[in-house]
Amino acid sequence: TECEKEPGSLLWIFVMVGNIVRGMGETPIMPLGISYLEDFAKAENSPFYLACLHTATVIGPFLGLLLASFCAELFVDIGSVGADEITITATDARWVGAWWLGILICALLNLLVAIPFWFLPKSLVKEGETNGPEQTSEKSATPLQENDKNETKQTMTSISENFIPFLKALFHNPVYMLFICITVLQFSAFDGMISFMPKYLEQQFGKSASDAIFLIGVYNLPVLCVGYFSGGLFMKKFKINVYQAASIAFWVSLLEYLLYFAAYWTVCDTSPVAGLTVSYQ
């Protein structure tokens, strides 16, 4: 009898919608969090606070990779299939880890972490000022009410008319464009490493998927945390301005590129693959 191909499952739509909802919830944290820090922190302390914020954003993926390494060691049908019924190991190409378990754990943690955001005040006493919260709220009550009235007067037409000139001004800002270029290069290298390095470690060094994910998290992300934190301390100590920070970021990124370029001379022996590098016989 001929094998009949069954139609694929549409459950991936739930995963896609879940990631969309998660992105909608997580996206405001970074821009609004940075504005929150900038509004209520001293100018010389804000780089350090921003460094702490970015360090936390790196610690999260580090813990996520450790969780993914743990989940990858568990079979995908854990709970419904007994351990004695599994005849393959984690190093087998047919092995599928419990990828869904990490999503459920992270979803629960995101829900718990989001609760304290409801208790953050709308305004804080700016760092270095002696006014109490009540005096500050009384002084800012009238400007806030005026701002609310002005915001209600704005229409979508006025916002759209100002959007194009504002966007054009951003494109003509050299510091902003330099920051965008550096960010694109950094995320391109990081995404390439996350996408292809686990498979490279599996094929070249015979590591399992869980071991490869664990090694990437241990050897890369803690160093990024040190870099973010030390960079914030450096800017706070020497009072680096925006142009100096952009120049430092450019030259450090160039040095990073040269170090990565040296990896082209690091050649490993190709693993024998039947039908590709060696014959089947």
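Backbone N, Cα and C define each Cβ position, glycine as well.
The compositional bias 'Polar residues' annotation in TrEMBL covers 132-145.
The region 'Disordered' annotation in TrEMBL covers 130-151.
Annotation comment: TrEMBL describes 12-36 (among others) as transmembrane segment.
If one looks beyond the transmembrane segment (48-76) by at least 6 residues along the same chain, the residues whose Cβ comes under 8 Å of a Cβ in the stretch are 30, 33-34, 37, 41, 86, 90, 95-102, 105-106, 208-211, 213-214, 216-217, 221-222, 224-225, 228-229, 231-233, 235-236. Residues or ranges marked as transmembrane segment by TrEMBL: 48-76 (among others).
The transmembrane segment feature in TrEMBL is assigned to 96-120 (among others).
Marked as transmembrane segment by TrEMBL: 175-197 (among others). Under 8 Å from some Cβ of the transmembrane segment (175-197) lie the Cβ atoms of residues 212, 216, 220, 242-243, 246, 249-250, 253, 256-257, 260, all in the same chain and six or more residues away from its ends.
According to TrEMBL, the transmembrane segment annotation covers 212-234 (among others).
Per TrEMBL, transmembrane segment is recorded for 246-267 (among others).
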